Amino acid sequence: KKRHEMPPHIYAIADTAYRSMLQDREDQSILCTGESGAGKTENTKKVIQYLAVVASSHKGKKDSSITQGPSFAYGELEKQLLQANPILEAFGNAKTVKNDNSSRFGKFIRINFDVTGYIVGANIETYLLEKSRAIRHARDERTFHIFYYLIAGAKEKMRNDLLLESFNSYTFLSNGFVPIPAAQDDEMFQETLEAMSIMGFSEEEQLAILKVVSSVLQLGNIVFKKERNTDQASMPDNTAAQKVCHLVGINVTDFTRAILTPRIKVGRDVVQKAQTKEQADFAIEALAKATYERLFRWILSRVNKALDKTHRQGASFLGILDIAGFEIFEVNSFEQLCINYTNEKLQQLFNHTMFILEQEEYQREGIEWNFIDFGLDLQPCIELIERPNNPPGVLALLDEECWFPKATDKSFVEKLCSEQGNHPKFQKPKQLKDKTEFSIIHYAGKVDYNASAWLTKNMDPLNDNVTSLLNASSDKFVADLWKDVDRIVGLDQMAKMTESSLPSASKTKKGMFRTVGQLYKEQLGKLMTTLRNTTPNFVRCIIPNHEKRSGKLDAFLVLEQLRCNGVLEGIRICRQGFPNRIVFQEFRQRYEILAANAIPKGFMDGKQACILMIKALELDPNLYRIGQSKIFFRTGVLAHLEEERDLKITDVIMAFQAMCRGYLARKAFTKRQQQLTASKVIQRNCAAYLKLRNWQWWRLFTKVKPLDEEMEAKQNLERHVSTLNIQLSDSKKKLQDLASTIEVMEEGKKRLQKEMEGLGQQYEEKAAAYDKLEKTKNRLQQELDDLVVDLDNQRQLVSNLEKKQKKFDQLLAEEKNISSKYADERDRAEAEAREKETKALSLARALEEALEAKEELERTNKMLKAEMEDLVSSKDDVGKNVHELEKSKRALETQMEEMRTQLEELEDELQATEDAKLRLEVNMQALKGQFERDLQARDEQNEEKRRQLQRQLHEYETELEDERKQRALAAAAKKKLEGDLKDLELQADSAVKGREEAIKQLRKLQAQMKDFQRELDDARASRDEIFATSKENEKKAKSLEAELMQLQEDLAAAERARKQADLEKEELAEELASSLSGRNTLQDEKRRLEARIAQLEEELEEEQGNMEAMSDRVRKATLQAEQLSNELVTERSAAQKNESARQQLERQNKELRSKLQEVEGAVKAKLKSTVAALEAKIVQLEEQIEQEAREKQAATKLLKQKDKKLKEVLLQVEDERKMVEQYKEQAEKGNTKVKQLKRQLEEAEEESQRINANRRKLQRELDEATESNEAMGREVNALKSKLRRGNEASFVPSRRAGGRRVIENTDGSEEEMDARDSDFNGTKASE
């Protein structure tokens, strides 16, 4: 089957992403999303396995350690990439109700590839580890796998080292041992250790990790109890604490003290605060969660370090995202909000890719398309969660509440409801179980969140006393885990959360820690940026049922998931739109075979060609659209075209195969015919041979022919021996001649070398003289430049002084303006002070009125108390009225107490305002005097400085006139020096020209010396070659003589002679081959010898048995000797030519020497005259320089004087500037003081307003109390009249009984009266 006909497969998606990355050079990402248990982690592992096989750089190597099949092989990096998952699963996965291997964290695996497609590294980022699972989990669930692996798989020695116990001994393993079907914890423990070893974890690191895991379990066994008489917590048994401290390397006493009585910084003081049992338990649980989280982060960084150790550069990457899907539980907390927020962002990316970008491409390509709104805009829900302000979202409000004093989860929800109550995606549940609940409408449905403990989770507080201990642990691994303790929220910061004296608590200061929400939001933002910069490939994992059963499909559940994640809408747009598209050039190239005759020959635009092809294919116009750069098709059209193309290609291939088979059959037939003809020829030849083999003359001919060939070969060998002897003698003579020639040439070479050394010394002396003249010229030029620079500096100084005079005048004018401004400000401050005095007097009068009202209320209170005592001692039938009077009395007493406290506060505020008024008056007087003194002193100083500056200006004018005169003298001297310098330059140029001519002559001589040297080397090489050839010729001659004697002695043994001749022929061939590097004549001789050897072989075979060939061989050898003698004559003539060339070179050398001597003489004469003239010029210049030096000294003295004066002026100006700055500072201080006084006056006004409000309130309460008092007086008068009419005899006992009843009633209804008093006070407060 073809790929598009196959059902979807995770390998196909991974392969598509991998191929797209290589072809398009674009980064890819694979997003695995879905519910818990849907298979996200398994699909992620399958993708990594596939890429490790396809993109491995060790495909040809065998590796038996980790193989997924008989043909799979991985390199070290690929093995580590595969083994990263088991480690992360052991520490980050757990068994839940829905999934036996549920990932309790999200991860983004980034695999880097080089330009060839091989894996060069990887990196893993994690999100939202559910660290709370380390301390508690639901029923029938497990905590992280590593705890069970460690207890089940540790051996005896490890159990003793890590202080391990059974499953039921640990509080954090509340459900005990919960097995997982088809998984053994002890085997998984060994697999985890092996994976760590492959990742490069040392044994010490593995043991340190397991120690931390064991310490987390032991933390859960620490038990606290509440002491009897106090709320303070105590630790009756510290066995578990001792085990924890032993495992993490800290002192148990310090650990216990840090938990039970930690040190907290309050202001500048450090105090010890006793913790309650609940606080101690919370600290231990927070420490366990933080320890496990830090361990997980350390393992992740260690894994990333192992995966990124290669130094090869990554060209592109493929990212795999495995993150928790949308979660709706019975109780949804902060973790669920973060997970659902992440899924909202991912779903928005999916919608944007599938719907928005798809339809935008239709519009961009100019296709007629009505934009379809699929109703999947998730931006409102995302803004509800992440919006920073106007109005702030959930995360921003949570961060704000974390820093707000006395903030609670309830206040956070209330503020959220007030800010976002009208948001379409926010709802408040109708039936509230708790005041910390709210609802958000996500794309997958409405989710009810419970904000309980959200502030704590967002702050993630820890006991900083314990973290400091862990940071200083004796165990290096533990200390490394806790190295960043400065970013921890400590107990003192949490204590400040409950104080009201924290005005700036809602603002996060620079350098302080960042909340969990902030960090996760930034991390998610980086992830989304990475995903947007890649080409996404979505893998939607669908869970078939919630029962973990295979083969069962819950249709409603599957459809709900497809609806929530946008798959149904994606199918809809695929059906309505044109999901398949292909660029014009590719469409033409691929499907032109279907319309071969539709496109004419020659160039044609790609779009026009595609239109012609579509017409030829007769496609329905509803099935395609032609855009600007692509052609779009509906679903299935391209597949149909692909099938037709396959059929067409099949027909073409079949026709091609038929032609090939016909050609091969015809070729085989022709070959068969040729074989038949050849067999007939062979048959005829065999018949002829059978007739000849019995003929006697034929037998004689076959026996005689080999003897003739052998005799001819012997003759050729003899001739060759004689020729070689002659060559040997000639070569010896040539060798002697060349040796003498080489000796003569070596002597000439030595003589020339000595002459060259002498010339070199002379050249160096002349170069030194020239350099000396050049230095003298440069020194004079430098002195001249210095004088010019000094003149420019003097001009600059004068101009600077003039500018400073102008600036000083401007400063004086500015100072006068500032002094006038200060006077105006002083007047305004005095006016404000007088206004505040009047306000303070009005406040004092208001206070006196309040005191009088207070005294009047106290008198009224005393009167009421006396009347109450009389009424209590009255008759028992008035007990009920007395009880009501007692209640009103208590209410009045509470009112009196409140009024008394308010009066005390008013008195304190009045006293504070009086103190502020006095301070203001004192400050105003001091400022006034200071301003007047400063202004007077400044005016005097300015006048004095103005006079000094005028005097200095006159002095500068006189000095400037002197400077102008000196400048004119210096200009004249400069012109004179420039003329002298030009003369020196002309003389130096002539010397340079002479020097260059000498250098040219010297270079010519050096070139001739090199030629002589080259010729001498050639002669030596030829001599060595001749020596070598002569030795070889001697050897050859000796061998040929021996062969000649042997042939003369035994001519009858023809066969043996032929073999010896063959051997000698091979030796001669080797010797001739070794002489390939000889001269041209010897090479010609070699070729002739090879031809002779071939001829000897032929003659030896033809003339075998011929005894007379011996004389012919001798004659031929004589001829060969004559030829060698001729060649020797030519060699001698060549040697004579070489000798004559050498003599000619010697003559040229002598001529050049004579020319060199003449040139040297001329150069010396020129140099002597030039040096004499230059010396005279130098003496003259030295005199001029001395005169100029004296003038320069005088000028420097004047400059020093002027510098001193200038420094004094500058110091004075600097003093003036400092004084101005001081005045500005004083003015600023005065402004700040005035502002402070204004603020104090405003505060005093606010206090007075508040006092007036309190006074009006007290007046109203006093009026009410007066009215109630009058009512009570009327009631008392009525009771007195009743008492007078009563019976006198029964008055005493009834009064006693009534008194007792009144007392009992009072005691019994005390709580009721308190409740009514509180209601009364609340009513007053609301009024």
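The backbone N, Cα and C atoms fix where each Cβ goes, and this holds for glycine too.
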Pick from Ser64, Ser1309: which does Swiss-Prot describe as phosphoserine?
Ser1309
Going by Swiss-Prot alone, which of Thr44, Thr230, Thr776, Thr1306 is annotated as phosphothreonine?
Thr1306
Listed as phosphoserine by Swiss-Prot, one of Ser1077, Ser1111, Ser1281:
Ser1077
Can you dig through Swiss-Prot and tell me which residue of Ser679, Ser873, Ser1039 is labelled phosphoserine?
Ser1039
The annotated region 'Actin-binding' range in Swiss-Prot, which must be one of 70-84, 580-594, 625-639:
625-639
340-362, 524-546, 984-1006 - the range that Swiss-Prot marks as region 'Actin-binding':
524-546
Checking feature assignment: region 'Disordered' per Swiss-Prot, candidates 414-436, 943-965, 1127-1149. Which range matches?
1127-1149
Just give the helix, strand and coil counts over the compositional bias 'Basic and acidic residues' (1222-1231), going by DSSP.
10 helix, 0 strand, 0 coil
Work out, from DSSP, the number of helix, strand and coil residues along the region 'Actin-binding' (524-546).
9 helix, 7 strand, 7 coil
Residues in the domain 'IQ' (649-678) grouped by DSSP into helix, strand and remaining coil:
30 helix, 0 strand, 0 coil
Mean pLDDT across the domain 'IQ' (649-678), rounded to an integer, is what?
95
